[in-house]
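TrEMBL annotations:
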type	residues	note
TRANSMEM	12-33	transmembrane segment
DOMAIN	16-187	domain 'Sugar phosphate transporter'
TRANSMEM	45-70	transmembrane segment
TRANSMEM	82-103	transmembrane segment
TRANSMEM	109-129	transmembrane segment
TRANSMEM	136-153	transmembrane segment
TRANSMEM	159-177	transmembrane segment
TRANSMEM	189-209	transmembrane segment
């Protein structure tokens, strides 16, 4: 029995490791391409760039749900449910736009250093919204992260105040989105793929009419 479970356990570990590597590589690739387009190439439309990202995300999520059937399609059933998803989408919009705008003014390395404070904001918003407290070790581990960002901000040669404000705002919005998404997934029973598909579609709609 244990011998049959061992290969499946190894396959699952390999699959999870592959997903993590794919996530890291795609995340770094998108970040570097955004930086190249917005800073080096001179593309001056970060909101339009974000709209392209969101529309592609909505399209491929829809394909994976409806045609490939990775997860079952879950339609919006009520107005309160739609308002929750719309709120999540607005926060999603702000986080991505703020991150793209910050890349016009800050180096990628410093942008990622500020982004490392996401767990701090996540723990803060989780406590404020759900009264969920983490272990004291978790809060203690966040102190050197925040301290490091403060030190890095003072010594960064390419520091730009507007870029820093946009970056820290995007980081806080990203953490706020994670907390909202957790609440939505637990209260409404949505899976992650459907949540991303609906949020991206609403984001695209907001960008089109916002432009």
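Cβ atoms here come from the backbone N, Cα and C positions, even for glycine.
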Report, as numbers and ranges, which residues of the same chain sit near the transmembrane segment (159-177): CB under 8 Å and 6 or more residues beyond its ends. 88, 91-92, 94-99, 101-102, 104-106, 110-111, 114-115, 117-122, 124-125, 153
Could you give the residue numbers and ranges of same-chain residues that sit at least 6 residues beyond the transmembrane segment (189-209) on either side and whose C-beta is under 8 angstroms from one of its C-beta atoms? 47-48, 50-51, 54-55, 57-58, 61-62, 64-65, 70-74, 76, 85-86, 88-90, 92-93, 96, 181
